[in-house]
Amino acid sequence: MLFFGPQIILPPSGINCIMNPLGFLSLVTLVVTAVSGATSPTTQRTVNSHLTAQDQDRFTKVFAEGLKSNDLQSLYYASANVPTLPAGDAASTCKRLFTLHTESKLNDFEKNFYLIGARKNFGCKEALPAKVETAVKSALTKDASTAQEIYYNFHSAKLAGLTVDEKVRTALGKNLQTVLKKDDSLNSLGHAFAVAAELGTAGAFAYDRIEEAFVQADEVDGRMLQFEGGLSITALIVNGGFKLATGLSKPAPITSDQAVKFATYFLSRASVQTPKGVSVLLEALKLLASQKPIAPIAIRLADNGQLLPESPVLGVRVCDLLGKPLSPALAALSTTIVSRTSGDSLVSKVNLVPSKDDATLYTYNLKSASPPRGLYRVDVEAAPSYRQQLQVSVLGKVRVNSLEVGVGDTDSAASSVKRHTVAHPSKLTTLLNADSQQKVLLKTVLVDDATGKPITVHQAFVLLRHQETHQEIIFVAETDSSKAYKFEMDVGARAADFGHKSGLYEVRLIIGDALLSNSFQWHLADLELKFATASETKPSVVDAASASRKPLPEIVHQFRAPEKRPPRFVSDLFTALCIAPLVILFGFWLKLGVNVKNFPLSLGAIGFHLGLGAILVLFGIFWLRLNMFETIRYLIPLALFTFICGNRMLRKIARGSGNEK
């Protein structure tokens, strides 16, 4: 079998080759990238969002609420992200902190960590309770059962200022290895990475587990990477993995493409509302932004992406994930703008100009390129590392080249109707009048203000508004082959739509489009409509026009009507015919005489006749009130009883006949 594709050349025999798992993963990534295609990706080490000033303000409010919280965990994370408190507030907060620690239902090692950390952040003067300090010291000398417990105990000791010597670090490293053999879940690995990063060589073993953790990341829509468990677990593993790799002077645990996807996920969670969520989010974004070799940057439009015709200035914002200017700044930022309709390039490889007032803003004035109205693709590139694709629209201005409005008879040709010409934005001085035997016509031509060529728009409506009641009815203006918009209304046929409400109506033209900077609503004329009353209108016309606007009759379920019973005489006759055989039987018995001398007086004979009689009675009851299934339920035991008794009776009769012979 032949294999066509990328080949990996193995070293000659006899040569030892040791490859780190992450190094092998990087090699495979490079090979796949080289084979995946010759075309350049639309994005490279860039994201289209970042933390904004509004996000930072909201985070500040979340931490402020956390300071007021009665949750020990929220109080700790708020203390780690707020500036120093006033002396009065700090004293009351410290007092509340110790009270919350006493009342907390958390594990001892976890609530001790929050107490020690918040006490240090607030600068509390109260001494650490002897019970807590003793618990932290003893925890370092004995083995823990979970990586989470090791994490909290170790960091509690550091925050409390306790000495953690090399002997303790070695013991913690061995304890950590034992724990990971029993529990290698994502939560356990994340806490293990964070502790191992602080242990030096004693925690080097954990680096080999990084690939095991990151390979479990879930990809969402091909744009984001996250771990099961959400923001907290994802931030824990990413932060711990990077800290461990940095502490051991190892390569970054993820590639630049993976960094982009993790950053996209973290930015999508910027709406988090808890102090812990905001804290871990900021920590993860700061860490990713600090990894210069793989860190993604944000390249996005500085505004809404709509360029005005009088000042088509393209604005692009470039910053890090936290919204801060890049350091060092980009040497150059170029762009190529291509029409999405025709595919023609408007400008190619032109450099954007950095703003003097805003270090994150780059602009380019397209006035010299005279961009026509339309949608454009903007390819932004900062060679050789960054590439982003954006979408903008160049707006245009619409101008009413001509507009004609008139009233004529319903059966007359459109060309024979007398029309009035109205110039935008003025209003027709003549009052138009139309009754139910006439029609209203309107025709307008819209042109691009820059080129003078006829254009079509997304929205072209004719609105009629009653001046007294302000009731409105809107009609769609349709285009013809010459791109002129036409509107024609048969007054009599549309009477039901107006509710036969005669009176003075305003005629307005509404023009709108996503690519127009001057969409408008124009009051072009007044129209006096006279409708025939509903009683004068043919019912068929009224019903046809308004039937679709009325509620349908309620659907009421009806059971099938029972069939008509036969006459009483017929019923009695058939009942008599059914009873006749039984009457005839008893009549013959009376005439011939019934011989009961040879009736065997035995249990079998008596039981058989009683069972047979019971079956006949059951059939009678079935006729009167039982259904078939109920009858069968009673018939089965009666039939078995009758069968057994009849069998015994016949056997006795047979024995008696044999003895007589």
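Cβ atoms are placed via backbone N, Cα and C, with glycine included.
Over in TrEMBL, the protein carries these features:
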- 51-289: domain 'Ribophorin II N-terminal' (DOMAIN)
- 297-394: domain 'Ribophorin II second' (DOMAIN)
- 402-529: domain 'Ribophorin II third' (DOMAIN)
- 559-654: domain 'Ribophorin II C-terminal' (DOMAIN)
- 1-37: signal peptide (SIGNAL)
- 569-590: transmembrane segment (TRANSMEM)
- 602-626: transmembrane segment (TRANSMEM)
- 632-650: transmembrane segment (TRANSMEM)
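Break the domain 'Ribophorin II second' (297-394) down by DSSP state and the numbers are 3 helix, 54 strand, 41 coil.
As a whole-number mean, the pLDDT of the domain 'Ribophorin II N-terminal' (51-289) in this prediction is 91.
Taken through DSSP, the domain 'Ribophorin II C-terminal' (559-654) splits into 74 helix, 0 strand, 22 coil.
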